[in-house]
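> Annotations for this protein, taken from TrEMBL, read as follows:
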type	residues	note
BINDING	32, 33, 34, 35, 36, 37, 38, 39	ATP binding site
COILED	174-222	coiled coil
COILED	276-408	coiled coil
COILED	458-506	coiled coil
COILED	703-779	coiled coil
COILED	822-940	coiled coil
COILED	1009-1040	coiled coil
DOMAIN	526-641	domain 'SMC hinge'
């Protein structure tokens, strides 16, 4: 599994996609400090599964993503792909089965800035565990001996013996056994916990089986009783259902009749409305015609105004053209006069031009003669100048020598001054750098404290955000529960209100009351105070008894004026509207002074004492009920009547024993019982609605409070998120400032060292410059003597040359005068020629302008004709537009008249339509009454069905009516049986109806968990055997590897140190699974002592010896050594490189180094540079054997 190639993108300083091929045995990576060499090691470690940001030299895992530079934006993802060869059968055998057949294995890891991480093997997404399992036992891993980075080589020597053991374990290949052992131990612990839970479950099931068996038998009896009760209740409900169905059909027939009448009225109304709509459309059409006529009149007026404006514009244009023609004629005459004047001036100048040309020729001949005389004088001057030049050259050479000497001396003076100033400047800079260093150190300390404080603030803000998020989730869950509770309460409240309205409507319509009583109450006479049933209320258990005792008396009308009531009864009889009974509010009732409440079992007390009524109705109710006594059953009443008791007796089932000896029984008065039950239910509904309304109000208030808390919590969470974000930004800024301060501090220290070196160099150069300054002074004195000799001969030569120069100057003056006179003559000639040409051009331009004015006059005449024609046409169009405007105004008047007539007809149709609507409203009112009756029956029908559905768990009544409608009507015996069965069910108390099923399930669960318990016990035994087997195999492999590595270490250490001894020793040989490993080393010439007292180089070489011993025992597919050779001297580096080269047949080595000898020893050298700040680049060089043996490594790349 050698590394084939490494591909990096967006990882740390490797911004761009970087591909590194590892095709050779030994690969070197070099570069200056801080260029990103070690980032390659971090990329490999990260790709194979490293999870510690600290081991990757970062604070958090997101630090591996390129964070941007001055010229590059930050990246959103880091990706590293590591491709391995899989050509070695021995290495392939250690891989998982699914990867053994691949020629190459590519492991990829990606990390996104949002924290999302991905792992891929051969482009297939996998888990982190799959990546770590891939390398188990191969020597490759984040903590294995295949990667030795900066600082770790020393830790191998200084580590605890128990930590050093990991190297031997990895070489022995037992890390995979340890991983499997940990998994097995975790699984075994989980299995033991499961076994404890299963044991508890089995014990609990055994305790509950006996109880469930008893409950199941009781449940079976309960179900049998309940089925019989349900059958009787369904029998009664079915007959009630059929009764409601018949009444519903009658009301439906009447409703349909009125619905047909309503439809006829609606049809007539629709016809009239359609006619009305036609009239409205006609009125709308008239309005549109009037609007169009008005628009046409407006447009005609606009057109008239448009033509009038056009005539005015044409007249203005005609006047302007006439004025332009007059001006053009006047200007043309002026131009003709100018042309005549210019032609005369041109003829005069052409005559003067001939005379000037003759004068020019004469002056030219005289100028040539004087020029020849000037050349003769210049020849003599040149000879004198040549002789003078030779003498000047000699003097110049002497002067140059003196000047050079002076310049050199001056240069040395400046250098000495400059060096002195630079020395003073460097000394000042040293003082300033010391002060800046102290200042930077203080700033770094302040920023470090600030980073720590901001880090704490960030953690607090993060915790607060998490707490608020949890609180908000809980509040939202409470809000959902609150909404559900409020909705349920509202639904229940609405159902009860609907029921109350239905009952109140039945009560208002006096449903079940005789026709005579209804007609009597319809009179609404003030003397009529209502029915007896409305003024008293009986408990639910006494409903049948009270109804049976009073019977039709419940429909008696209570009156305040008995005489007035008699008059009303007479009217009732005269109109043949039925019979009715009345009773005064204060009837005469004399209690029996000898009444004594009977004693004995089954006597429940006086009936009047069990009723509820107003105090003002006490006399009324006592007169009706008397001394009636309630007994538990008809048998008790018969027994008391046989004893000669003379007060009325009534049993709970409605059997009445009169004081005169009569006995009434059988089916009770359903109407009377219904009136009492209806009254009681209405009172209970009123109480329930009042109570539940208060509860709903309280729930709504709590709901509003909860919503406010959610709003507050949401705002607080948003604030916490903002604070956390601001804290994070502040922390990042502070960390950046801290890093900058540390860089400034390091830069100040580095600059101080540079300045000190430069100052020392300046002092040396200052001493040398002083000696050179004295030598230059001596050369200057010699040069000055030579210069004085040269000046003597130069003075005579200069006098001769000066005489010749004066003669040349005199002749030049003569020549110059002639040239001036010639130039003047030529200038006059040129001026005359230019003036003639200018006058010719002016004449031509004036003629062109005259032609243009002729054209303008012609165009003006044409334009004037067109303007006159336009005026004529506009006058004609204006006449037509005026006629059209008159017509449009007439059309507008006619359209407005038609609109008024249409609106008058529309008002008449609307009046007729109102009468039809009144008739339809009356029919609809009658239809509504029948619909209300149907709604009342529907409510009763729904109440009946819902009652059955609620009691019988969703049973639909209509599905069972067919089973009961042929049975005889419900009798008292049925109700007695229902009471008897209900009492039996009540006496049974709470019954677990699920007991039968629970008992069967408990038996099944007991069998299942007993089997599970046995399986868990077998699993624990198997895991214990597997762990014991892994321990034995781990001990064997560890002992064999330890002995092999120790033997190789004893041999390799003397080779690396050129002498000395070393060995490994176990701290606890009796415990091969936990024992640590100590290193005993004795370098040559030293005594065996504490390894911690060895030098850094000795420690490094000892650690290298141990690592290479492990490699000799079990070579890792590759090994990365990050500046391991840094502490070694030149001789040890050579032995270090030789050892690496000797192991290349089994392992591939990647070396990060600054050592020249190591650079020479590699096959391929990669250079890491940072030409762009913050961005690492890669270059590579193939290193051959010749270069490797060279003294100077020209292949080192920086």
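Glycine is treated like the rest: Cβ placed from N, Cα and C.
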> Averaged over the whole of the coiled coil (1009-1040), what is the pLDDT?
85
> What else in the chain is close to the coiled coil (1009-1040), if you only count residues 6 or more beyond its ends and a Cβ gap under 8 Å?
168-169, 172-174, 177-178, 180-181, 184-185, 187-188, 191-192, 194-195, 198-199, 201-202, 205, 1072-1073
> Can you tell me the three-state DSSP label for residue 39 (ATP binding site)?
helix
> Specify all same-chain residues, apart from the site residues 32, 33, 34, 35, 36, 37, 38, 39, whose Cβ lies within 8 angstroms of the center of the Cβ atoms of the ATP site, ordered by sequence.
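What remains near the Cβ centre is 13, 31, 1168, 1170, 1176.
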> What are the DSSP helix, strand and coil residue counts for the domain 'SMC hinge' (526-641)?
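Counting residues per DSSP class in the domain 'SMC hinge' (526-641), I get 55 helix, 21 strand, 40 coil.
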> Would you identify which of the binding-site residues 32, 34, 36 has the most other C-beta atoms lying within 10 angstroms of its C-beta?
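Neighbour-count leader: 36.
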> Taking only same-chain residues 6+ apart in sequence, whose CB is under 8 Å from that of residue 39 (ATP binding site), what do you get?
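The list for residue 39 (ATP binding site) reads 11, 12, 13, 14, 1176, given in order along the sequence.
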> If you count every Cβ pair below 8 Å, which range out of 174-222, 276-408, 458-506, 703-779 shares the most with the coiled coil (822-940)?
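Going through each listed stretch, the top one turns out to be 276-408.
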> Restricting to CB pairs under 8 Å, which listed stretch, 174-222, 458-506, 703-779, is in contact most with the coiled coil (276-408)?
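Result: 703-779.
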> Between 33, 38, which of the binding-site residues has the fewest other CB atoms within 10 angstroms in the structure shown?
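Candidates: the binding-site residues 33, 38. Fewest Cβ atoms within 10 Å: 33.
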> Work out the three-state DSSP category of residue 34 (ATP binding site).
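Reduced to three states, the DSSP call for residue 34 (ATP binding site) is coil.
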> My understanding is the cutoff is Cβ-Cβ under 8 Å with a sequence separation of 6 or more in the same chain; which residues meet that for residue 35 (ATP binding site)?
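13, 1168, 1169, 1170, 1176 - these are the non-local Cβ neighbours of residue 35 (ATP binding site), listed in sequence order.
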